[in-house]
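Undergrad: The structure is given below, and queries will be raised subsequently.
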Amino acid sequence: MEKVLVFGHKNPDTDAICSAIAYAELKKELGMNAEPVRLGEISGETQFALDYFKVEGPRFVETVANEVDNVILVDHNERQQSANDIESVRVLEVIDHHRIANFETSDPIYYRCEPVGCTATILNKMYKENGVTIRKEVAGLMLSAIISDSLLFKSPTCTEQDVAAARELAEIAGVDADKYGLEMLKAGADLSGKTMEQLISLDAKEFQMGNAKVEIAQVNAVDTNDVLVHQAELEKVISAVVEEKGLDLFLFVVTDILTNDSVGLAIGKAANIVEKAYNVSLENNTATLKGVVSRKKQIVPVLTEAFQA
């Protein structure tokens, strides 16, 4: 049986990794030869979850057409966020919870996108719909994905469906969602030992906003100053990325997991759009974004609207 690769976006977060594992397992149970893979490094937060539930991380691939003809995308759909050679393979399915942009296919496909906080929430439904029992370890990873994407249920993207799914999965996994979740988020917020290049690419996504090319990277911290003390070095590596990719804006967002506020570091010729979008003034290229924790709901649509205004 021909193999199908299942993967999330480049610079994968916990949902991208864990949902690839969970969906590949469901597809295998349903008779498909599916393998989860990843398009980037595993973050400290994700590694904590993998270690906790004793699951091996997916192998890394840069290209997919050299291995398979067919792929399944989870937690993304935009071409620039996917495998470098995504145009050379057939996308069989997409399971996602983001905006749909820069995506088209030559054939009809199974496309499931729901306005929930996490791909794993959708997968929880799909396991039930197919009558497949979720293994304890996989339930733990799916729970981890929901906790990560919802910032332990505090993000505005978090829905009642996400909370209900997390409670169900926590029971299967045999953990206390709140206690485990805080441990996992703290592990992810430990940025010691990371280079500046790693910091700005840990969870970075590229977007087309009108005619502008924008990259938004986000890291969680217990104290934003722990990251911003390195601002000069960060600006140097961000400026290099802006030049290399021809970006109009690179927004580096440091989110405080305790206060649920963020600080944005804006570099690029369109940095003023951040001021316009949030009605703030950049001082030394930074501004506090009160109550902003979600890239998907509080940053991407707000900046997109500002660019198009």
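Glycine is no exception: its Cβ is also placed from the backbone N, Cα and C atoms.
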Undergrad: Select one of Asp75, Asp85, Asp96: the residue that Swiss-Prot places in the Mn(2+) 1 site alongside His9, Asp13.
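TA: Only hit among Asp75, Asp85, Asp96 in Swiss-Prot's Mn(2+) 1 site, alongside His9, Asp13: Asp75.
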Undergrad: Using only what Swiss-Prot says about Mn(2+) 2 binding by Asp75, His97, Asp149, identify which of Asp15, Asp223, Asp226 is listed for that site too.
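TA: Candidate in the recorded Mn(2+) 2 site: Asp15.
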Undergrad: I want to verify one value. Collapsing DSSP to three states, which class is Asp149 (Mn(2+) 2 binding site)?
TA: helix
Undergrad: Kindly assign Asp15 (Mn(2+) 2 binding site) to one of the three DSSP-derived states: helix, strand or coil.
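TA: In three-state terms, Asp15 (Mn(2+) 2 binding site) counts as helix.
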Undergrad: List only the single closest residue to Asp149 (Mn(2+) 2 binding site), chosen from the binding-site residues His9, Asp13, Asp75 by CA-CA distance.
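TA: With Cα distances computed to Asp149 (Mn(2+) 2 binding site), the winner among His9, Asp13, Asp75 is Asp13.
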